[in-house]
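Student: I'd like to ask some things about the structure below.
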Amino acid sequence: MADAVVHHPSEAGAFEPPFLGAYSKKIGMWLFLLSDSLTFGALLFAYSYGRIATTNWPTPFGQHSIINASVMTACLLSSSVTMVLAVLAAGRHDRPWARNWLIATMIFGTAFIVLHAWEWNGLRAEGMTLSIFPAIPHAEATEMGKQASAVPQFAGTFFALTGMHMLHVTIGVIYLGVLAFGRKWLPVMALAAIGTFFIPAWSTFHWLTYPIIGAIVVIGIILWLKPKQYDAPDIEVGGLYWHFVDLVWMFIFPLVYLMSTRIT
Amino acid sequence: MEMTERHQHGEHAEGKATYFYVWGALIVLTVVEIYLAYNRVFPNPLHMLEVLLALSVVKSVLIIGWFMHLKGETIVMKWVLMGSLVMCLLLMFVFFVDAERILKLGTGR
């Protein structure tokens, strides 16, 4: 069977089965993304079902929300280009440029998270919220909030879907940070966790503390068990995850935002 | 080594310009979606949903094919991944019929 295996240049002597014609890390990531796409698929279908089956479905997203979501979309689309450039740079063993493009991708990803969390804060302050969310001080229910509250499944599906996606983007930025900086990324994450922890507990930004702390624990264990310099295949596999996050947003943006556009 | 070489270079053989063209196409499609939704070109939400979904599928083909380099993978890989994904997602479409039926309940239509 020795002639029927794939040698990977970065792992001389490593034998991998030729099933699907790719190295195992890449196949593993594709299979994970396949399962994750079913999770998002179920959420998107639930949202779309409610949208079609409810005659008085709220249309609370005005010009401001659509512009905000469009900028978020542009951030994610641009981050995909910088991610591809990182993969290309890693493929030609240009480590400094691979890192630079990874940093650019992380900046776009962070901008997306900030815009999204900021939007969540705004929507919750206007009265579009869930009972499990802490109340925002000085919040005042507007017409938009009242309209959104009239159909409870709107806020439920909106926050579940976009929250799940925001979590994926947050994990993606952390993942790319590990690929770019290795264990040097851990203290940066610790600082980020401390910073978000001291933001008032009602703010969406405060909630970012918990995935970051979880990630510090997981990444700390991984880097302790298997410290390594991440190479081109690792960056390519990380890129697959990042593009998937972008791909999911390509469905969330039209179905959630554009299908609930308020015409004034 | 041939397969390895293909994976290292073949699937990423496109120049940087190709990726910027794909990015441009994605931006244009997004603008089209915003135009359609904001001007309510299709007043029926089901029709609007179908059109937006179709455009999103085109965008996802661009992302999966070029950014995720699936078009450079083997035929088996493409069929296993996309076949199973499409099959599972299509099964969920069954519910849309019920969603429209609910709107007509008790109306005699």
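Heads up, the Cβ atoms here are built off N, Cα and C, so glycines get one too.
Those TrEMBL annotations? Automatic predictions, nothing curated.
Below are the features listed in TrEMBL for this protein:
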DOMAIN    A:26-261  domain 'Heme-copper oxidase subunit III family profile'
TRANSMEM  A:27-47  transmembrane segment
TRANSMEM  A:67-89  transmembrane segment
TRANSMEM  A:101-118  transmembrane segment
TRANSMEM  A:154-178  transmembrane segment
TRANSMEM  A:185-202  transmembrane segment
TRANSMEM  A:208-225  transmembrane segment
TRANSMEM  A:237-259  transmembrane segment
Student: Do the transmembrane segment (A:237-259) and the transmembrane segment (A:154-178) come close, with at least three CB pairs under 8 A (pairs 6 or more apart in sequence)?
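Tutor: In this chain the transmembrane segment (A:237-259) contacts the transmembrane segment (A:154-178) - 3 or more Cβ pairs sit under 8 Å.
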Student: For the transmembrane segment (A:27-47) and the transmembrane segment (A:154-178), does the number of C-beta pairs under 8 Å, pairs 6 or more apart in sequence, reach 3 or more?
Tutor: yes
Student: Could you pull out which residues elsewhere in the chain have a CB under 8 Å from any CB of the transmembrane segment (A:101-118), counting only those six or more residues past its ends?
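Tutor: Residues 68, 71-72, 75-76, 78-79, 82-83, 85-86, 89, 162, 166, 169-170, 172-173, 176-177, 179-180, 203-205, 208, 235, 242.
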Student: Averaged over the domain 'Heme-copper oxidase subunit III family profile' (A:26-261), what pLDDT does the prediction give?
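Tutor: Mean pLDDT for the domain 'Heme-copper oxidase subunit III family profile' (A:26-261): 92.
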